[in-house]
Amino acid sequence: MSYKENLNPSSYTSKFTTPSSATAAQRVLRKEPYVSTFTTPSDNLLAQRTQLSRITPSASSSVPGRVAVSTEMPSQNTALAEMPKRKFTIDDFDIGRPLGKGKFGNVYLAREKQNKFIMALKVLFKSQLEKEGVEHQLRREIEIQSHLRHPNILRMYNYFHDRKRIYLMLEFAPRGELYKELQKHGRFDEQRSATFMEELADALHYCHERKVIHRDIKPENLLMGYKGELKIADFGWSVHAPSLRRRTMCGTLDYLPPEMIEGKTHDEKVDLWCAGVLCYEFLVGMPPFDSPSHTETHRRIVNVDLKFPPFLSDGSKDLISKLLRYHPPQRLPLKGVMEHPWVKANSRRVLPPVYQSTQSK
């Protein structure tokens with residue numbers, strides 16, 4: 001579940017509560033006391049905790065009863081002071097407005113009281129996770145995402161839990177869900193699409209170097225940061241696979257590669273296929289193999305029945321065609337995506353690529 005929010009970058013400064021004026025959502029979340037161990041066998045989540053970074057608070061508000069919140073978002077390169085390691089409870093946070101709602105719970109804008117740190121707090125109900133049998137998926141998501149550090153991957157700072165809920169402390173992405181932005185505009189121009197593709201390729205290259213396969217890249221799982229940069233946000237279907245060979249069927253139908261539809265083993269190159277589908281959807285407004293029925297969609301995917309509208313440039317068609325190849329080894333590597341002439345000519349990425357520095361180590 002990625003949170004759904006498309007808002008002005010400065011709008012997250014509003015509607016935080018003081019302890020004396022807790023919101024209804026905050027009062028509900030406070031009902032259950034923190035417990036030091038999970039109460040169900042399946043809730044034994046990751047033992048290691050990542051430390052939460054600190055944002056310096058703004059000057060105090062002159063309005064009685066209101067908490068002033070800085071409107072400045074830190075640079076990815078800013079060296080943030082680390083909070084002391086400690087256990088968190090819901091009482092450590094001011095709870096703001098809801099950012100999104102999903103099958104297993106909700107996401108709220110939140111601020112850690114001691115350090116005034118702005119984040120998104122994802123609240124999941126244990127009963128729902130157990131009912132659907134997805135505890136292992138959440139456990140895997142926490143273990144993987146909490147260890148990734150990349151400007152185009154949403155940070156997971158920490159997690160805690162009480163008797164009924166699990167709370168994930170996530171980086172707040174002020175510009176919200178990319179899918180909502182795509183719906184708003186219908187399709188993106190070449191400049192924006194190429195920028196997103198460079199950012200995505202760099203983030204996926206970082207993941208693949210660490211033997212992490214995402215397996216579910218799509219607009220719904222991407223958020224946008226303060227400067228509009230892409231952030232991979234949902235690692236629910238991701239896997240840490242040192243052998244990089246898997247056989248599990250997962251992901252979204254329109255984005256499934258041929259090898260997964262045919263039940264073959266797959267590796268990190270499934271993400272290359274997804275990147276090609278995503279680039280097409282950015283530029284056209286719909287996935288390339290979209291069809292009235294699942295059967296027809298499957299047929300078009302395994303036959304790579306790729307049709308381009310006339311308004312696409314030769315450069316963009318070349319990139320998409322090199323990613324959407326039936327045989328995984330023939331797909332353009334992620335470094336090739338970042339260095340593709342169409343990407344280099346159109347991308348306006350602000351941050352330098354990370355893959356260059358990781359390769360030199």
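Counting starts with 1 at the first residue shown.
Glycine is treated like the rest: Cβ placed from N, Cα and C.
If you check Swiss-Prot, you get these features:
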type	residues	note
ACT_SITE	D216	active site, proton acceptor
BINDING	L99, G100, K101, G102, K103, F104, G105, N106, V107, K122	ATP binding site
DOMAIN	93-343	domain 'Protein kinase'
Span of the ATP site, taken as the largest CA to CA distance across L99, G100, K101, G102, K103, F104, G105, N106, V107, K122 (Å, rounded to a whole number) = 14
Inter-residue C-alpha distance, G105 (ATP binding site) and D216 (active site, proton acceptor) (nearest angstrom) = 20
Other CB atoms, at most 10 A from the CB of L99 (ATP binding site) = 24
Separation of alpha carbons, the residue listed as 'active site, proton acceptor' and K101 (ATP binding site) (Å) | 19
Judged by other C-beta atoms within 10 Å of its C-beta, the most isolated of the binding-site residues K103, G105 is K103
Rounded Cα separation (Å) that holds between V107 (ATP binding site) and D216 (active site, proton acceptor) | 20
To the nearest whole angstrom, state the Cα distance for the pair the residue listed as 'active site, proton acceptor' and K103 (ATP binding site).
-> 17
Indicate the candidate from K101, V107, D216 with the smallest number of other Cβ atoms within 10 Å of its Cβ, considering only these recorded positions.
-> K101
Where L99 (ATP binding site) sits in the secondary structure, as DSSP reduces it to three classes | strand
DSSP three-state call for the residue listed as 'active site, proton acceptor': helix, strand or coil?
-> coil
